[in-house]
Amino acid sequence: TRSLTITSTDQSMFEKAQGEKVTLPCTFELSEEDEGPLDIEWVLIPADNQKREKIIIMYAVDRIYDHYYAAMTGRMQFTNLDPRSGDGSLDILNLKAADTGTYQCKVKKAPGVQSKKIQLTVLVKPARTKCSVEGSQEIGKDVTLKCVSQEGSPLLTYDWRRVSGTQELPATSMLNKNTGELLLKNASREYSGTYNCVASNRVGTDECSVELNVTPPVNTAGIIIGAIIGTLLGLAVLCSLIFCCCKKHREKKYEKEVHHDIREDVPPPKSRSSTARSYIGSNRSSLGSMSPSNMEGYTKTPYSQVPSEDFERAPPQNPTFAPSKVAAPNLSRMGAVPVMIPAQSKDGSIV
């Protein structure tokens, strides 16, 4: 018994770039024996077998249902607005990398049922490609030119070319198309110029360029000597500043000590009590040297008179004492030790 058949069996794999449009074909033919209602379903089969299939769009009972898969809402539609004509192909607009997967078209019209699977791969074009120079750009050194695309589906390939001078890569260059590195060994001044890198995959290309300037070697010995001299000069200046600060600090400290110092060569002023002691002591020594015979002519000096601080005059010459008994003055007020003065009694004996 003849039933419906899917006629679009030529292409089952598609590769498209991100942002482009793709048409997944699904044409069919009905037979006279197919009498049931026509149903057309497009199902997304996930790469993970643990996940369930998802219906993304469906035609049933003369109506189209396209709200099952939110990720493609507004970006998918049937190619023919009336799938009953035998064309159930699907258009997907503005492709994204997440649209990569296996799509299955199912056509039902009882008793006939047919299906077809199509593999879709959405590739991302190379984008934001950057070129750089790694290594010292000196004569005789090895220089590496690097090229990397920030975006792009694998497999990416890189190719370098020279856009200035001879427009040919140096003879000593070594290119790695997979990593985008161009090694220039033993660079010379002739290697200088502009180099261009082209990153590509199956859906597009992207470019960047870099300027190489090979120069003579730098005089490193002169730089080192200059750095040493500069360091020594800096240390000398620093030591000078420290010495000046210390000297100034010592001068201030010395001035402060001299200002508050008490001169030791200046004797302290005499007090009244010490003057009185010296005066009494001198009188005691004088009295002690007297004999009873010469005490009659010694005149008593009144002790009530306390010598002043200016007492430096010589004692009066030829002092005389009364022959009467001399009473000891009250010297406790003057801070001196009382002295007993000998006297002569009526019978001529010494008391």
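Heads up, the Cβ atoms here are built off N, Cα and C, so glycines get one too.
Mean model confidence of the domain 'Ig-like' (18-121) amounts to 91 (pLDDT, 0 to 100 scale). If you look up TrEMBL, you'll see 18-121 (among others) marked as domain 'Ig-like'.
Look at TrEMBL and you will find 126-215 (among others) tagged as domain 'Ig-like'.
Among the features that TrEMBL reports, transmembrane segment is placed at 223-246.
If you look up TrEMBL, you'll see 258-267 marked as compositional bias 'Basic and acidic residues'.
The region 'Disordered' feature in TrEMBL is assigned to 258-327.
The compositional bias 'Polar residues' annotation in TrEMBL covers 271-307.
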How many helix, strand and coil residues does the domain 'Ig-like' (18-121) contain under DSSP?
-> 9 helix, 49 strand, 46 coil
In the domain 'Ig-like' (126-215), how many residues does DSSP put in helix, strand and coil?
-> 3 helix, 51 strand, 36 coil
